[in-house]
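Down below is the structure, laid out as structure tokens.
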Amino acid sequence: MSTVGCGRAGWVLLAAFGIQFFTAVLVYGTGTIHLSLLDVFQRDDGITSVVGSLFVNLMSITGPLASYFIDRWSCRVTVLIGCILLFVGLVTSSFVNSLWLLMLTNGIISGIGNGLTLLPCPVSVGYSFRDHSGLAMGIMTAGVGIGMLVSGPLIQYLLDTYGLSGTYLMSAAIVSHVIPCGMLLKTPPKKNLTPAATKHRVKFFKTYIKLVKAPSFMFVLVGSILWNIAYAVIMIHLPNFVVQNGSSRSEASFLFTVIGIGTILSRLTVGLATGPKGLDPLLLNFGLTALMGAVIVTFPLYVTYPKGPMIFASLYGIYSGGLLVFTVPLCLEFVGMQHLNSALGLWYLLLGLGSLIGPPLAGLFVLSASACSLFASVWRKPENETVTTRRVPEIWAAAENGSVVVQDHEVHMKEQSENLISNDI
């Protein structure tokens, strides 16, 4: 790569890093904002979480749409459209007094805008750093880690200082910095496209069908769905969970700072490890997902100790943070540079489906627990039988000690009847 080429690639990496940072401040502040929404609207936790769930899930589900925009126009145009939608959604959210309208403004409009803003970053980095895509992705996604690092304290400060409406306005000001960053992104080389838009759309969807038929690539994508189910539940509900277990809101928001530190270290380390002649990215992907699962399974052990949530957050950040680094290297390995844009769009779509499934799946487990209580009532003994069997042993135990005071009406009546029978005899 020439000196000029290196300079341009460096600007692309810097711009992608900036976009990842500014958007991560919002994405990982969702849990903190969720707590404020609960206070303001006084609604059920499940209904209130729809706002954050839509914002986070649509960010990924719009992957194919962003991929089509990039293929049809350019990375720069796609970022510009996405940033405008994100800005408009946040500004209008500051004037909304209904939770249902927030689902539209903050959830749908901002969520779609965020998705259109993010996908051009790995696409541009993949085209600019073909031989060092792992390291470039590690540096780019470290911007997400730094955004996570500051999101909790920053969003909590904005909520304490300006309230919920002011926080939405300040968030819109933050994401407006994405526009100059987007103008620096490199546009992928155009393919030999036909002038007709209809033929272009047919060719675009044929590419997706071809990707679905690649077994290795699809197994990686299915794995991404599965780990993102747990990821979505933790990112949205972890702050509320620790608050309900006695932590303060500042302590809850600080957990994302701890996760961010672990994420930065993980992504830079994994990026260095997956360079040319480095470790196998598929093997690393397997190792990190296994360790992430082990940390989540043992989560109940952490919450029993005062510093347990902090330990969990640090380990979770380390093991979950590096997973996004593998997107571009694995796409290049399995489908090649020609289909990088479409492959990343499909990857983001399935990540979004995992996020969408996660919270309802957690709710399904809770409903299953309630169903178990209902089934238990089928074999439950009648109340009078339970009371009698519970009290009689206590009375006989007291009688053996010679200090019985009978207060149970049923036992007292039984003793009277026995005395009458003995007198007759």
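Glycine too: its Cβ is placed from the backbone N, Cα and C atoms.
Noted in TrEMBL for the protein shown:
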DOMAIN    216-425  domain 'Major facilitator superfamily (MFS) profile'
TRANSMEM  12-35  transmembrane segment
TRANSMEM  47-70  transmembrane segment
TRANSMEM  77-102  transmembrane segment
TRANSMEM  108-129  transmembrane segment
TRANSMEM  136-159  transmembrane segment
TRANSMEM  165-185  transmembrane segment
TRANSMEM  211-234  transmembrane segment
TRANSMEM  254-275  transmembrane segment
TRANSMEM  282-305  transmembrane segment
TRANSMEM  311-332  transmembrane segment
TRANSMEM  344-367  transmembrane segment
Candidate ranges 12-35, 47-70, 165-185, 211-234, 311-332 - greatest C-beta contact count to the transmembrane segment (136-159) (under 8 angstroms):
12-35
Before we move on, state whether the transmembrane segment (254-275) and the transmembrane segment (282-305) share at least 3 Cβ pairs under 8 Å, counting only pairs 6 or more apart in sequence.
yes
Which stretch, 12-35, 47-70, 211-234, tops the Cβ pairs under 8 Å count with the transmembrane segment (282-305)?
211-234
Report, as numbers and ranges, which residues of the same chain sit near the transmembrane segment (165-185): CB under 8 Å and 6 or more residues beyond its ends.
11-12, 14-16, 18-19, 22-23, 25-26, 29, 33, 36, 75-76, 79-80, 82-83, 86-87, 90-91, 93-95, 106, 117, 120-121, 124, 155, 158-159
For the transmembrane segment (108-129), distant same-chain residues with Cβ under 8 A (at least six beyond the ends):
8-9, 12-13, 15-16, 19-20, 23, 26-27, 54-63, 65-67, 69-70, 75-76, 78-79, 81-90, 92-93, 135-137, 140, 175, 178, 182, 185-189, 327-328, 331-332, 337, 340-341, 344-345, 348, 352
Quick test of the contact rule: Cβ under 8 Å, at least six residues beyond the ends. What residues does that give for the transmembrane segment (77-102)?
19, 23, 26, 37, 41, 43, 47-48, 51, 66, 69-70, 108-120, 165-166, 168-169, 171-172, 175-176, 178-179, 181-183, 185
Summarise the model confidence on the domain 'Major facilitator superfamily (MFS) profile' (216-425) as a single mean pLDDT, whole number.
76
